[in-house]
Amino acid sequence: MWRKRAEIAFFVAPALALLVAFVAVPVATAVQMSLYRWKGFGPMVDFVGLANYVSVLTNDVFTDALVHNLIIVVGSILLQLPLGLAIALLLNRKMWGQGLLRTIIFVPYVLAEVIAGVVWFQLLQPQYGVIDTMLAAVGLQGPDQGFLGTPEYALWTVLVVLTWKYLGLAVILFLAGLQGVPEELYEAAQLDGASWWQVQRRITIPLLGPTMRTWGFLSMIGSLQLFDMVWILTGGGPANATTTMATFLVNEGTKRQNFGIAGAASVVLFVVALVLALAYQRFILSRDSKEDEA
Amino acid sequence: MSAATIPARTKPAPAGAPRRRKRSNPGGNVLVYAISLVVVAVTLGPVLYGVLGGFRTNAQLAENPAGLPDPWVLSKYAGVLAADSPFWGYFLNSTIIAVVTTAVVVVFGIMAAYPLARYRFRGREALFLVFVIGLLFPATVAIIPLFILITQNYQLGNTWWGVALPQAAFALPMTVVILRPFLQALPAELEEAAQLDGASRIGFFWRILLPLSGPGMVTVGVLAFVGSWNAYLLPLLLLRGDMRTLPLGVADFSSEHSADTAGVFAFTTLAMIPALVFFLAMQKRIVNGLQGAVKG
């Protein structure tokens, strides 16, 4: 008996030790930090209760950041779901170059967000960037400060770049889901004289439901943690027009040494993500739970 | 939680592909190819523009941003690849950190998944729940305390380990969640046969389970490697100077040499290549891994 316990401990201990040292302790420290006014050195002594939370939640920059995150969550799904579905249905037909096409569409997803961001930053430069040049060629003019430099456009521009970057993931996952649709269903529908569009609408898209719902969950969680792309494209500007919860807390923590504020923002980010995840689970994913448990 | 479908899923796929070929192809072919071309152009356009931009001069880029290289200039790429270029240092740091992260994730992950999958003991599900709960905490949430703990308490600031270990820790929950059903799916007869032959549970782990779980380990390893290779936030806070990784190098080069657009394109393009080559080599594994993550 003791031998079995020792074996279990031997196998599990390294992973648990790593989780404690680099996940549990930092998370607990974030909660602790959020209750103190602390500049990062010496012991935490200046206990301020929930003052940091009040300060974060009444800070317009943070509440705007939360709204920006939510816009990205909803915008990403509204843009990528129809586009991804359309491209997946398109690619699911027999056609020349299908494999190559699938590979190409996945390329942006594999690139680091930073690398994609640096390239797009150059493309989006005002006046001498290629996008403004192309607009000029068809008689349009980009904003004077560029799309990333104009508060009204900046967040939407970030959303477009994120769509470019992550559309491939949706397409690949939807294509994988399409492979799970039994061939017999298509044959039966064709025998009944259903058109291509009827087959997609009545058979394929409903059967793709679980894949789409799970993809939506991943997309939502990713959007709530958005940092890299914003940091590269705008740094959260102009005038905080693209700040996200993550860029807010990194700014407070590293540039201003407001560790208490950063801690409180971390906890709020976690709670927002948890509540949305549970709500998604409860209202959207629960439709799949019966199949999943089988 | 039917991640058990991962090993099962990878097999029917090849059978599914030829089956689909049979389906007759409805009309509208020209339209389909036209849309495909637009998709390819939009997807690859920015990447190709960066690749070509590296072959131009800043004067060419300023004069006609949308033009092709004329003449083709190799000096920008040559400059990035020169022996004294910081590119090689960034490349080395990225490689070492990604390899260490991957090794730690795969070794610790398969070790933890083994008793959780194949031992019977009280508290097993509770122990597994610890890993599931770990899924809820992205590194972003703990990034500031991580930065303080690693630099002040663990004395690992500005080191390879200081980035690799936390990256591995945050990748472990997903790894265990993917690997456990994979190990559970191996037939019990294997274990009984091994016991009859006198193998201990540890012997079974080494000689039978490890070789059989190769595909599962490759999948989680590839995901960990790509995640580490592309990581930005944690290295941004922890690494400085010569210790920087490629994403940090690209971002810093782009802001320090903002006037040298062609140089930025050359540097960025070369930084893309390792990830693209790795992706092309491991395409099936990456896609399977992502599908597995979604299924789980």
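The first residue you see is number 1, and the count goes up from there.
Cβ from N, Cα, C; glycine included.
Bear in mind that the values here come from a model prediction, so they are computed numbers and not experimental data.
The annotation region 'Disordered' is assigned in TrEMBL to B:1-23.
The compositional bias 'Low complexity' feature in TrEMBL is assigned to B:7-17.
Summarising the annotation, TrEMBL assigns transmembrane segment to B:30-52 (among others).
Annotation comment: TrEMBL describes B:90-114 (among others) as transmembrane segment.
Summarising the annotation, TrEMBL assigns domain 'ABC transmembrane type-1' to B:91-282.
TrEMBL lists B:126-148 (among others) with the feature transmembrane segment. Through the fold, the transmembrane segment (B:126-148) approaches residues 112, 116, 166-167, 170, 172-174, 176-177, 180, 233-234, 237-238 of its own chain, all at least 6 residues removed from its boundaries and within a Cβ separation under 8 Å.
With a threshold of 8 Å between CB atoms, the same-chain residues lying at least 6 positions outside the transmembrane segment (B:160-183) that come near it are 1-4, 6-7, 93, 96-97, 100-101, 104-106, 108-110, 112-114, 116-118, 128, 131-135, 137-139, 146, 150-151, 154, 209, 213, 216-217, 219-220, 223-224, 227-228, 231, 234-235, 238-239, 243, 245, 289, 292-293, 296. For B:160-183 (among others), the entry in TrEMBL reads transmembrane segment.
Counting only same-chain residues 6+ beyond the ends of the transmembrane segment (B:204-229), those with a CB under 8 A from a CB of the stretch are 6-7, 10, 94, 97-99, 101-102, 105-106, 109-110, 114, 118, 164, 167-168, 171, 174-175, 178-179, 182-183, 186, 190-191, 194-195, 246, 274-275, 278-279, 282, 285-286, 288-290, 292-293. The annotation transmembrane segment is assigned in TrEMBL to B:204-229 (among others).
Taken from TrEMBL, the feature transmembrane segment covers B:262-281 (among others).
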